[in-house]
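Positions annotated as ATP binding site by TrEMBL: B:Ser26, B:Gly27, B:Gly28, B:Leu29, B:Asp30, B:Ser31. The domain 'Lysidine-tRNA(Ile) synthetase C-terminal' feature in TrEMBL is assigned to B:358-430.
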2 protein chains.
Amino acid sequence: MLTSFKKNIETNFSFLKGKKLLIACSGGLDSVVLTHLLKSLNFEIALAHCNFSLRGKESDGDEMFVIGLANNLEISVFAETFDTKKFAKEHKVSTQMAARTLRYNWFEEILNDFKYDYLLTAHHLDDDLETFFINLSRGTGLNGLTGIPKENNKIIRPLLNFSRAEILQYAEKNNLKWREDSSNQKADYLRNKLRLQVLPQFKETNESLLNNFQKTQRNLQSSQNLIEDYMALVYNLVVSEASDSYKINVQKIKELPHTEALLYELLNGFGFTEWEDVSNLMDAQTGKQIFSKTHQLLKNRDELVLTEISDVNTSEEFLVSKDGITSPINLKIEPSKYIGETEKNLIYVDSEKLNFPLKLRKWSSGDTFQPFGMKGKKKLSKFFKDEKIPLNEKDKIWLLLSDEKIVWIIGHRMDDSFKVNENTEKILKITYSN
Amino acid sequence: MLTSFKKNIETNFSFLKGKKLLIACSGGLDSVVLTHLLKSLNFEIALAHCNFSLRGKESDGDEMFVIGLANNLEISVFAETFDTKKFAKEHKVSTQMAARTLRYNWFEEILNDFKYDYLLTAHHLDDDLETFFINLSRGTGLNGLTGIPKENNKIIRPLLNFSRAEILQYAEKNNLKWREDSSNQKADYLRNKLRLQVLPQFKETNESLLNNFQKTQRNLQSSQNLIEDYMALVYNLVVSEASDSYKINVQKIKELPHTEALLYELLNGFGFTEWEDVSNLMDAQTGKQIFSKTHQLLKNRDELVLTEISDVNTSEEFLVSKDGITSPINLKIEPSKYIGETEKNLIYVDSEKLNFPLKLRKWSSGDTFQPFGMKGKKKLSKFFKDEKIPLNEKDKIWLLLSDEKIVWIIGHRMDDSFKVNENTEKILKITYSN
């Protein structure tokens, strides 16, 4: 397997050469094999292990194992313990989702702080097949059948061409040790049902099943690519962008074949589920509208106008004390003796211009501010448009306010009137981490 | 189920109202239920049953059962016995393929001869799911996952929305009788492995599995539609049609994203399998070419030129006696006292102008003839282009010749010089049935 792994790296991941690689290592079979393979090829690697505290002593044992593995191989190791259950409860998400969020946020921190170039995960072909079947079981579309991406920004999955059987064979041949995760045996009902019952039977139907599946996935990915190319053309033809909305020309989209499928492709991702209602809106009277949780779609003359629902965003407000706030987002406020450079997630302000407690809320369509370094006021909707912030990103943005005046569009731009100047006596440093 | 079946007919198949319907009826559960459902809705139906002589007495029992069913319901019935094994041997195809060919040819005959409007088959949702998995097992693309079509010309499948369980329930509730096909239990290894082992397990993963699967199929069909729409645009942009070839402009197709996927979509269906070679041809020197069994793809300056391989077509010749010929195609030759109308598959010729034995062969690129009713000669390649016969249809066309002169482009047009005129003393009627 080392030979074919090496060839796979040279063919598909040649850009990894000479880079600093961080391996997400649970201590299980797959990530241990990935670690050994990359070590054998003399890559500069380090391990990162998340202890989710979900399986007590077993979790701690995994952590110790990974640290031991790193020591044996004489490579760096990062290990962090999370209170996953607490995080899940606080953010009202499933344990699985919480673990996922914690994991990837932490990995990103390490990449940034320690200057690693890529994160490598050990997903393999059987994982891919399972994911295909999970999506199929729940009902899906082309997108749900094209598989786990080999490359996704800084996340690289170099084992996706290899089966679990190949990986196991390599581990046994090289006398590798790894940890069995007892949760694999029970936690995820659907995945385990597929892994243990459905897929072993399905693999018996064809001895080249996994190969054929890889071909199928490549073909489906090609199809998906062609649809995206086509949709780029269609978008230019029928959509016009306004400051805080997208407008779909009904006349023009109706002239194209399979209008409803096009409408689905354009509006998919904005939370709509009743696609028949969406289609019917094309022929509705001006003023008729339908809503998803996040968006409004309005029939206006010959257009369908898509806008965010701002009311939802502004509904909740949080008070921010002099120490900052940790929920729903993490803001640290501290005195500073000097003024450093303002960054995306870090600003310096004149303490006396603020009136505590400050307020935290989502933006709404009427908001304006004076962007740092500029003279006049600007509507936030205009600012977002100029900054080319995608429609579906905008509702994730928080504002920090003092006496109803915007201090900071968090993560984007502070207001000019709060900046430090020659008269400032006390400086505050405000840091945002998500 | 009758209610939802009725609704399904009204919504999706309203055009069936008042039409004469032929039901493909094996005597098995599905087709018996379809028969009863349509009879209950007072459609004008008849049954057609193929006895493939593959299971001896059991086959004959099925036939008797279907005839009995028709008599009970007081509807017409057509039954025909085929020597499937012999046909398979003669045409060098699998028994399954032979049965399929015999079946659909015979159905078409009945539709034509007895003026039925549509053929209805009893394929249901579980058949659809099995087909999806069969294709997945063998490796496929989007096309192989979009499912059995509900409508395909004159073939209608009104049970595709219903599961096997629903159909069985209806049959039991209404005390229907049907024949169990013992071959279901063994003949088709892959389908049965899926039906009996893989899919029952898979269905346990989600109680709405079949519903979700229907949604998935609709989504995939939409995706397929969009790709076809896109490819129509791309075709106009990069392909030019010559008299006997298609030319793909390399420069233009390379300017489009995902060139290789486009090339695949354009050339898929012409027998090529080495897609890397096809892609490489874009950058090859003029004169370089690759072949499939039926086609040649030639790099010529800035074009890829697709032509049929004519040599393959003309390689075999068959002698045709005064009685006609039954292999490789079926031509009947008989004296006629009168001259009827010339049809696609039927011509009348002047017997004395023919010199037996006649000859049968595929067309080649140099062939010319004088189309019936025209003065001058015409190249066959030009004729096919004018008649808009698709490239991949052309190599199925046979010629009937007398002394190396074309008498008939079988199924398309006869030569003017063999036609019956006022001096004709003996008329021959030549009939083609495929």
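Each residue's number is its place along the chain shown, starting with 1.
Placement of Cβ uses the backbone N, Cα and C atoms for every residue, glycine included.
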Restricted to the domain 'Lysidine-tRNA(Ile) synthetase C-terminal' (B:358-430), the mean pLDDT of the model is 87
Taking DSSP helix as H, G and I and strand as E and B, the domain 'Lysidine-tRNA(Ile) synthetase C-terminal' (B:358-430) has 14 helix, 28 strand, 31 coil
Counting only residues outside B:Ser26, B:Gly27, B:Gly28, B:Leu29, B:Asp30, B:Ser31 in the same chain, those with C-beta within 8 angstroms of the ATP site's C-beta centroid are B:Cys25, B:Val32, B:Val33, B:Ala122, B:Trp178, B:Arg179, B:Asp181
Same-chain residues at least 6 apart in sequence with Cβ under 8 Å of the Cβ of B:Ser31 (ATP binding site), in sequence order, are B:Ile23, B:Ala24, B:Cys25, B:Thr121, B:Ala122
Given the binding-site residues B:Gly27, B:Gly28, the candidate whose Cβ has the fewest other Cβ atoms within 10 Å is B:Gly28
Three-class DSSP assignment, B:Asp30 (ATP binding site), comes back as helix
CB contacts under 8 angstroms to B:Asp30 (ATP binding site), restricted to the same chain and 6+ apart in sequence, sorted by sequence, are B:Ala122, B:His123, B:His124, B:Leu159, B:Arg164, B:Ile167
Across every protein chain in view, the count of C-beta atoms other than its own within 10 A of the C-beta of B:Leu29 (ATP binding site) is 23
Around the Cβ of B:Ser26 (ATP binding site), other Cβ atoms found within 10 Å total 23
